[in-house]
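The annotation ATP binding site is assigned in Swiss-Prot to 41, 42, 43, 44, 45, 46, 47, 48. For 5-243, the entry in Swiss-Prot reads domain 'ABC transporter', with the evidence type sequence analysis. Marked as transmembrane segment by Swiss-Prot on the basis of sequence analysis: 273-293, 417-437, 523-543, 578-598, 611-631.
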């Protein structure tokens, strides 16, 4: 009869300092299918090491171990995990149930790693628990089960994938006598159903219930009677077979890893929340700085645009402060007409100005009188509170009309509802008020002088007596590049004058400078926020490293029931990612709350959350989870199952 399990000259030694300590010495053993074997020996005799080798949790240092004719030394770690998953079922003295799972969920674990569909494995788990008398304890956590009930759950878990070979390590060691008898009765029933049952024990009463007792002492077998041939029932419990396609197996595996990660997080709510806190603060900081910073930038740029950022000012001379008499009369009315004919010009206005006294009744105030065209207010995007600007006829006739700014109106007419039609004196010339304009803020701050505007022809001929212009302001059409417009303007006037006796000031350069400055500031603040996110990620890594240490035995249990190293890596990596993703979602919610509160106190701010910002936040949190979760996950996947199971 061919042996199911066969050890030939197997030895196992472990390093101890510079020496090797032999635990098993030249073991040769055959165990046939359907046997019930007891391995006995005193503590330290090597029986647990022998069981670990039989269960493919450990490999011999020398010698050969075959399972159903397959030499396990030729198998890689994934193949060994598959062998454990499909052929072996473990029953431990301390049950080794996962405390955050129910009885049914504990039983399902081997089938999860076998890739069995959820409905099939749930039905299988309930069937096994029903057979073992636990139908009313299916949804109970281990803490609500007695020792005997927990061991029966452990037996059901061992049978989940078929359990051709049952390895029971001191299965009654932690039970009272009655519960111990029940467990042994179940093991005998499994033997009768065709399972191979191997019991490791030091209790002679337990060993006596086996058909064959193998005694081990100081790493050597000292008693090994031959196997007894008996006719038994045929048909070991059939495992639930996975017939799903490869992509569906992968999707199912990922979904189950996600579910297990969520359960593990829920089992330690406070620790999970504290772990998330760093990510929440980091993501909230990044998102808040991006969206609030963008809102602040747009507000600043809007204020700058309101001053007329698509305007170009033309002044006589070489630069500001140049009072050379030969350049003073450089700009003429004909230059204005030529500029207005250019296709890229929206509007243009001349400007001549002088400080004068403005009088109405007994009120006498100083004002800055500006001679402009009717397009001036369009060039600077100014609106009217009352009345309107002067028209072409009034400009041509040098009409004695004036537009006041809001501050001037308030000084002259504090109690009048409508001032259009009132007559005031500008210098010594009477003029009629035809409008009140809302003045836009200046790039250089608001002057303390009050402003009034008259037709430039009126200002030049009637008040100043000059034929030249102090400056010309050009508004460029929307969509036209301001720099190119400035170059064309310079060429036009240079050709007209025969020389460059003027200079230009492009307000678009102010906008570009402001954009660059705000971008630099926002980038700096974002980098500061990213540092907080990195600190949060390091916190996740620290907690996950602690979690791996705390859950070492859990990792050993999962490997014993068939989890591959990649399964463990995937689970812990998903846990880290899930912590960061949930933390990222909470961080985004916090940033939205911050934005809402800011809008309550700063109603002028328009804070919006773009899909790009939200997607970037989730990508950041996912990347953080992968980056800082990989090291703990790798450490978990590299654990030796024997060492992991031995940890307290």
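Any Cβ shown, glycine's included, is placed from N, Cα and C.
Distribution of Swiss-Prot features across the structure.
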residue	record	contacts (Cβ under 8 Å, 6+ apart)
41	ATP binding site	47, 202, 215, 216, 217
42	ATP binding site	202, 217
43	ATP binding site	202
44	ATP binding site	none
45	ATP binding site	216, 217, 218, 219
46	ATP binding site	12, 23, 24, 216, 218, 219
48	ATP binding site	169, 200
Would you say the transmembrane segment (273-293) and the transmembrane segment (578-598) are touching, if the rule is that at least three C-beta pairs must lie under 8 angstroms and be 6 or more residues apart?
yes
Give me the count of other Cβ atoms within 10 A of the Cβ belonging to residue 47 (ATP binding site).
25
Please figure out which one of 273-293, 417-437, 611-631 racks up the most CB pairs under 8 Å against the transmembrane segment (523-543).
273-293
Need the DSSP three-state call for residue 42 (ATP binding site) to compare against my parser.
coil
List, by number or range, the same-chain residues at least 6 past the transmembrane segment (611-631) whose CB is under 8 A from its CB atoms?
279, 282-283, 286-287, 290-291, 533-534, 536-538, 540-541, 544-545, 572-573, 575-581, 583-585, 587-588
Please list, in sequence order, every residue of the chain apart from 41, 42, 43, 44, 45, 46, 47, 48 whose Cβ lies within 8 Å of the Cβ centroid of the ATP site.
202, 216, 217
